[in-house]
Amino acid sequence: MRNGTVITEFILLGFPVIQGLQTPLFIAIFLTYILTLAGNGLIIATVWAEPRLQIPMYFFLCNLSFLEIWYTTTVIPKLLGTFVVARTVICMSCCLLQAFFHFFVGTTEFLILTIMSFDRYLTICNPLHHPTIMTSKLCLQLALSSWVVGFTIVFCQTMLLIQLPFCGNNVISHFYCDVGPSLKAACIDTSILELLGVIATILVIPGSLLFNMISYIYILSAILRIPSATGHQKTFSTCASHLTVVSLLYGAVLFMYLRPTAHSSFKINKVVSVLNTILTPLLNPFIYTIRNKEVKGALRKAMTCPKTGHAK
């Protein structure tokens, strides 16, 4: 599109260098998406169906699983479209809406993970006070606050983005409407908006990462004070899954977004985005359940109850 022409739509390039692999990639990503929905949905259903799992840790895990379902759903359907048609077009309002929900859910996810770290800290470092501090009311307030803060931060950024006139190149070298590539189509200088975006990113990502690190420093200190090696292993196993998810998510996102994105190369970012958008939400249910005896026991109970009832 010529410069000076007002843009009403964007063209998503997706992965143009993988000609001939569209069909197998479509099938692989579609199956991954279905497994992600099923895995995270099963976590939510299991927690709500099993009274023993209705404690703060699993309440926040349900929030995380719901966010993972929503996070992948904001991107994967359009990504699949790039494998089907040669020219994937998305209208301006749809593009901005996709960007809003994608970053809103992603921001909220960081905040929920931070609350989960705090819950792990209380469980291990202050086990006697944990039940009186992490009440159902406080859990609900913390989760709701995460959603509200995530919404507010991204909504303010989106409102600024909507005000921009777009008249440059409307081709986005990505598989979804990322903010960085979209800014390259703006008719005016976007340095201030980029700076505000970096500030918001620093507040959310490194800010929450610092809180997570402090929580785990206290947790590891408490674990090291346990006299027996068996106690070390048993206590650490209760937070190992959460630490794994935190490492995966923060590692990918810190690499992608802690730069002024409008002037960066997005080729490597696209690969990391695929891992962050597709694989991490798929792996989370397995990471949280593979060493969790309570969840595995609840799943086993859910699968065997119908058979028992039928035998009677």
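Just so you know, glycine gets a Cβ as well, placed from its N, Cα and C.
Just so it is clear, the model here is predicted, and its values are computed rather than measured.
Cβ-based neighbour count (10 Å, all protein chains) for Cys95 (disulfide bond) stands at 25. Feature annotation from Swiss-Prot assigns disulfide bond to Cys95-Cys187.
Residues or ranges marked as N-linked glycosylation site by Swiss-Prot: Asn3.
Here Swiss-Prot flags 1-23 (among others) as topological domain 'Extracellular', drawing on sequence analysis.
Long-range contacts of the topological domain 'Cytoplasmic' (45-52) within its own chain (CB-CB distance under 8 A, at least 6 residues past either end) are made by residues 58-59, 61-62, 294-295, 298-299, 301-302. Taken from Swiss-Prot, the feature topological domain 'Cytoplasmic' covers 45-52 (among others).
Residues or ranges marked as topological domain 'Extracellular' by Swiss-Prot on the basis of sequence analysis: 74-97 (among others). Within the chain, the topological domain 'Extracellular' (74-97) has long-range Cβ neighbours (under 8 A, six or more residues past its boundaries) at 7-15, 22-23, 25-26, 29-30, 33, 105, 158, 161-162, 166, 172, 175-177, 182, 277-278.
Annotation source Swiss-Prot lists topological domain 'Cytoplasmic' at 119-137 (among others). Sequence-distant contacts of the topological domain 'Cytoplasmic' (119-137) (same chain, at least 6 residues past either end, Cβ-Cβ under 8 Å): 56-57, 60, 215-216, 218-219, 222-223, 235, 238-239, 242.
According to Swiss-Prot, the topological domain 'Extracellular' annotation covers 159-195 (among others), on the basis of sequence analysis.
Residues or ranges marked as topological domain 'Cytoplasmic' by Swiss-Prot on the basis of sequence analysis: 216-235 (among others).
Look at Swiss-Prot and you will find 257-269 (among others) tagged as topological domain 'Extracellular'.
Residues or ranges marked as topological domain 'Cytoplasmic' in Swiss-Prot: 291-312 (among others).
Marked as transmembrane segment by Swiss-Prot: 24-44 (among others). Long-range contacts of the transmembrane segment (24-44) within the same chain: residues 15, 18, 61-62, 65-66, 68-69, 72-73, 76, 79-80, 83-84, 278-279, 281-282, 284-286, 288-289, 295, 299, each at least 6 residues beyond the stretch ends and with a Cβ under 8 Å from a Cβ of the stretch.
Per Swiss-Prot, the feature transmembrane segment maps to 53-73 (among others); the stated evidence is sequence analysis.
Taking Cβ pairs closer than 8 Å, the transmembrane segment (98-118) reaches residues 57, 60-61, 63-64, 67-68, 70-71, 74-75, 78, 90, 142-143, 145-147, 149-151, 153-155, 157-158, 161, 176-179, 182, 204-205, 208, 211-212, 215-216, 242, 245-246, 249, 253 in its own chain, all 6 or more past its ends. If you look up Swiss-Prot, you'll see 98-118 (among others) marked as transmembrane segment, on the strength of sequence analysis.
The transmembrane segment feature in Swiss-Prot is assigned to 138-158 (among others); the stated evidence is sequence analysis.
According to Swiss-Prot, the transmembrane segment annotation covers 196-215 (among others), on the basis of sequence analysis. Beyond the ends of the transmembrane segment (196-215), by six or more residues, the same chain brings 107, 110-111, 113-114, 117-118, 120-121, 153, 157, 160, 179, 246, 250, 253-254, 257-258, 260-261 to within a C-beta distance below 8 angstroms of the stretch.
Marked as transmembrane segment by Swiss-Prot: 236-256 (among others).
Note: the topological domain 'Cytoplasmic' (45-52) comprises 7 helix, 0 strand, 1 coil (DSSP; helix = H, G, I, strand = E, B). With pairs at least 6 apart in sequence, the transmembrane segment (236-256) and the transmembrane segment (53-73) have fewer than 3 Cβ pairs within the 8 Å limit; the two do not touch. In the three-state DSSP assignment, the secondary structure recorded for Cys95 (disulfide bond) is helix. Only residues 6 or more beyond the boundaries of the transmembrane segment (270-290), in the same chain, are considered here, and those with a CB under 8 A from a CB of the stretch are 15, 29, 32-33, 35-36, 39-40, 42-43, 61, 64-65, 68-69, 71-72, 75-76, 79, 173-176, 178, 241-242, 244-245, 248-249, 252-253, 255-256, 296, 299. Nonlocal intrachain contacts for the transmembrane segment (138-158), taken as residues 6+ away from its ends with a CB within less than 8 angstroms of a stretch CB, comprise 56, 59-60, 63, 96, 99-100, 103-105, 107-108, 111-112, 115, 179, 196-197, 200, 203-204. When Cβ atoms from all protein chains are considered, those within 10 Å of Cys187 (disulfide bond) total 14, not counting its own.
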